[in-house]
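One structure below.
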Amino acid sequence: MKTLILAAGLGKRMNSKYPKVIHKILGKPMINWVIDTAKSFGEVGVVLGHKHEMVEKVIPQDVKIFLQNEQLGTAHAVMCGFDFIPEKDNLLILYGDVPFISYETLKRLEKEHIESNSDVTILTAILENPAGYGRIVRGKKIEIVEDKDADEKIKKIKEINTGIYIFKGKFLKENIKKIKNDNAQKEYYLTDILKFTENISTVTTDDIDEVTGVNDRIQLSKLEKNMRKRINEKLMREGVRIIDPESVYIDITVKIGKDTIIYPFTFIEGETEIGEDCVIGPMTRIKDSKIGNNVNVIRSEVEKAIIEDNVSVGPFSRLREGTHLKSNVKIGNFVETKKSVIGKNTKAQHLTYLGDATIGENVNIGAGTITCNYDGVKKHPTIIEDGAFIGSNNSLVAPVKIGKNAITGAGSTITEDVPENSLGLGRARQVVIKDWVLRKKGGNQNADSKE
C-alpha cells in the first residue's frame, strides 16, 4: 500500500515564518512523525506547497515530492499526486499536521479495507464535542456531512470524519477528476468522492490524540505534552525511574537503560543514549550524547559528548562537542570541556576549562586550571600525559605538553613543555617586606584613612 501525505497548507494560525509541518515535536519535525509511520506500509509521497523548499530539507530523500502551487482543497492536493496513485493497489491518505496517527490504527484500517473489499474505508472517531467536524451519517449508504451543512439532528451525531482514508487506487484514479468545486470556497473536497460509490466501510479509533491536527501553537503544545507523557510512561514500563514525569522532557529518539533515575527539570534530546544504573539531573540537559552505565550527571549540560562507565559529572559542569570522558573520570563544579579526551581515573573537580586537550590516565587537574588554546587566529592542543599533577590556578599556554608523572606548581603559567617526572614552575617569586604596613601608615597601624 502506498501513502500520500497532504502537507501543502499555509499554516497561518501558527504565525511563523516556517512551514507548519517542520515545527518539531519532541525533537522530530511534525511531518517526519507521519512519514515514519507511513513507511511501515510501503512507498510514501508528500504533497507540498507553502515554502516547500524548507520542508524538502527535513524529509527523507526516498520520499516522492509533488507540488500544489495553489491550495484549492484536499481533492486538488490528491490530484497533484495523481501519477503516484497505484492502479492495482490501495492508497492511504494522511496529513502532515496530524503527527501521532499510530501504526496499529492504520493496520486495523487496512485490514477492514481489504476484508470488506471497499472502494473507500474511512477512519472515524467519537467526540463529546464534535463541533466543526464533518459528521458520519449512516443510512442506506455512509455519508459525510460537513458541520456548516448539518441540520440540528445531524449536529447531534458524535461520530466524526478524521480525514484519513484508504482508497482502492483504481477507484480513486477513475473518480478524483470528477469532483467539482461548486461551493462557496471554490475548492475541491476529497469527501465529495463518496458520491461515486456506495461501497464504503469505516473503522473507529478511541484515541483522539492520534487524529488531532495541529493548527496553532497552543494545539502543538497540548499534543506535545500528551506525547511526552506517553514516552515517559513507556520508559518507566521499560525499567527507567522518572521521579516527576511532568517536569521531564525526553525526545522520542532517546534510549535509556534500566534502573536509571531521571530527576526533575531534566531535558534529554536528540540521538542520546544513556546506559543502566545512571543518575541524571535534577536541572540537567543532555543532547546527542552517548552515556555509559553507572554515570551521574547533576545540574549540568552535555552536548555531543561521549561519557564512559562510572563517570561523575557536576554540579554545574558543561561538556561541549567533542568531549570524551573515559571510565571513572570525575568532572566537578564549574568545569567546562570542549574537544577533549580525558583518560581513565582523571579528576578535574573545580573551576576549570579544558579545550582541545588530550589528557591521560590518573591525572589530577587543580582548581582554576585553564588550557589557553586560542591565540586569536587558531586553536592549539594541550597534551597532559598519565599520572601528571597540575597545580591549582595554572594557565597552560598551548601548544604545550606536560609529561608523564610531571608536576606543575600552583599559580604557574606554563609556556614550555614539562618533561616526564619533572616539576614545572612559571610564577613570580614571593617577596615579603617586613613592617611595610607600619611604614606606609607612618607607624600608626590603626590610623584612620583620610576621607
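Glycine residues also receive a Cβ, built from the backbone N, Cα and C atoms like all the rest.
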**Prompt:** Which one, Ser340, Ser392, is listed by Swiss-Prot in the same acetyl-CoA site as Ala367, Asn373, Tyr374, Ala410, Arg427?
**Reply:** Ser392
**Complete:** CA pair Ser392 (acetyl-CoA binding site) / Gly96 (UDP-N-acetyl-alpha-D-glucosamine binding site), Å rounded to integer, equals 56
**Integer Cα-Cα distance in angstrom, Glu146 (UDP-N-acetyl-alpha-D-glucosamine binding site) to Asn215 (Mg(2+) binding site)** = 19
**Asked** By CA distance, which of the recorded positions (Asn215, His350, Asn373, Tyr374) lies nearest to Asn364 (UDP-N-acetyl-alpha-D-glucosamine binding site)?
**Response** His350
**Request:** Would you mind ranking the binding-site residues Gly73, Gly96 by how many other Cβ atoms sit within 10 Å of each Cβ and giving me the lowest?
**Result:** Gly73
**Prompt:** Out of Asn373, Ala410, Arg427, the binding-site residues in the record, which is closest to Arg320 (UDP-N-acetyl-alpha-D-glucosamine binding site) when you go by Cα distance?
**Reply:** Asn373
**Request:** Among Leu6, Gly96, Ala367, these being the binding-site residues, pick the one whose CA is nearest to that of Asn215 (Mg(2+) binding site).
**Result:** Gly96
**Item:** Tally of DSSP helical, extended and coil residues in the region 'Linker' (218-238)
**Value:** 20 helix, 0 strand, 1 coil
**Message:** Rounded to a whole angstrom, what is the C-alpha distance between Ala410 (acetyl-CoA binding site) and His350 (active site, proton acceptor)?
**Reply:** 14
